[in-house]
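*Asks:* Dropping a structure here in structure tokens format, bear with me for questions.
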């Protein structure tokens, strides 16, 4: 919307009692981000834009999340919950600054897109004073109907007040609105509370606009995009819709998914070219996967960076702070945390690598554990380039294994190992010839029944 300034207000003051949760409704996650984060991310950004969030009293966590997602956000408190128009006026100070466009969105509609919010501003540039977002409902029962005449919105009719003909209308009110900034404040301030609940409803703005001889318009979108979240069941439905959207975007970008419906992505997952994701993979927030990488089945990744042609899994868990270099391998039943594996490093089986740096082309044998925690603090393990750690070894941090060094299988390493050295830290093997035969004979003799 070139040349037009815009203020977006996101209403996030609801208690969300039907969620039956101590967590504020808008802080529940969909695809690894809070409901509020999705809406704030979709809001217009850049030069000429401003953003406000209206939160409930005592909901500092909601305000903190808003500032975390969009540091430019202004936060306002709605001290009494007296309807949507009352909530908007909690941000009166921001509205009074006089942006060209005012967009009002809801913090519990995580599927709303930036494109839809941008489309709502176009009729304002063409002269409309109010734009309402609508959708065609598969079952419109309970929704306010949008009454349109010759392309102009004339009314929002609630279910209880609708005639039989009006109830047959499937175009429904999504709640999201955009106002011409020059007249927005005076229109919203005219909204009264002469209704059974004594609340101030934003939907009444339509009649005020019409009575003032101004124009109201409708922009349509899909029903999925404007799903509001009020229950855990609706949260699960939104997750399903979002995952379908993310999978399609990934497939369209060239990611190979053997069984897409079994793969779960985060909203911020980033893929390179020729990435392959096998069935039953869960990717949490903060994951980037570079060209040619393969994520094998039953792997779980969060806040991890996967390098070119790297391989993960099957049955691998990559926790925050994991970084795999080009061609690195993390195999089956391996867990990593705050671990850097340089190019070509291999951790193929049954291993825990935490608070560690593994040099290029190092090989970590099956059953190796970096013992990084002593009950009070975490300590680092450094493994040099080309080092070889034998199976079933314990590396007691803080410890350094030098470049090219070998650690014998079954070792407990408590001191630094120099470059190209061999470290063996285990008991010496003892062999007793014939011991097993004598042991068996003794046990069998003891089992024979005693005779009187």
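Keep in mind that glycine also has a Cβ here, set from the backbone N, Cα and C atoms.
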*Asks:* Please identify which of 366, 436 is recorded by Swiss-Prot as part of the acetyl-CoA site containing 372, 373, 391, 409, 426.
*Replies:* 366
*Asks:* Per DSSP, to which secondary structure element type does residue 372 (acetyl-CoA binding site) belong, with helix, strand and coil as the options?
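*Replies:* Reduced to three states, the DSSP call for residue 372 (acetyl-CoA binding site) is coil.
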*Asks:* Could you state the CA-to-CA distance between residue 319 (UDP-N-acetyl-alpha-D-glucosamine binding site) and residue 372 (acetyl-CoA binding site) to the nearest Å?
*Replies:* 15
*Asks:* Round to the nearest Å and give the CA-to-CA distance linking residue 409 (acetyl-CoA binding site) with residue 83 (UDP-N-acetyl-alpha-D-glucosamine binding site).
*Replies:* 69
*Asks:* Under DSSP, is residue 108 (Mg(2+) binding site) helix, strand or coil?
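*Replies:* Once the DSSP labels are grouped into three classes, residue 108 (Mg(2+) binding site) ends up as coil.
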*Asks:* Rounded to an integer, what is the Cα-Cα distance in Å between residue 366 (acetyl-CoA binding site) and residue 349 (active site, proton acceptor)?
*Replies:* 5
*Asks:* Nearest by CA distance to residue 108 (Mg(2+) binding site): which of the recorded positions is it, out of 13, 144, 349, 372, 426?
*Replies:* 13
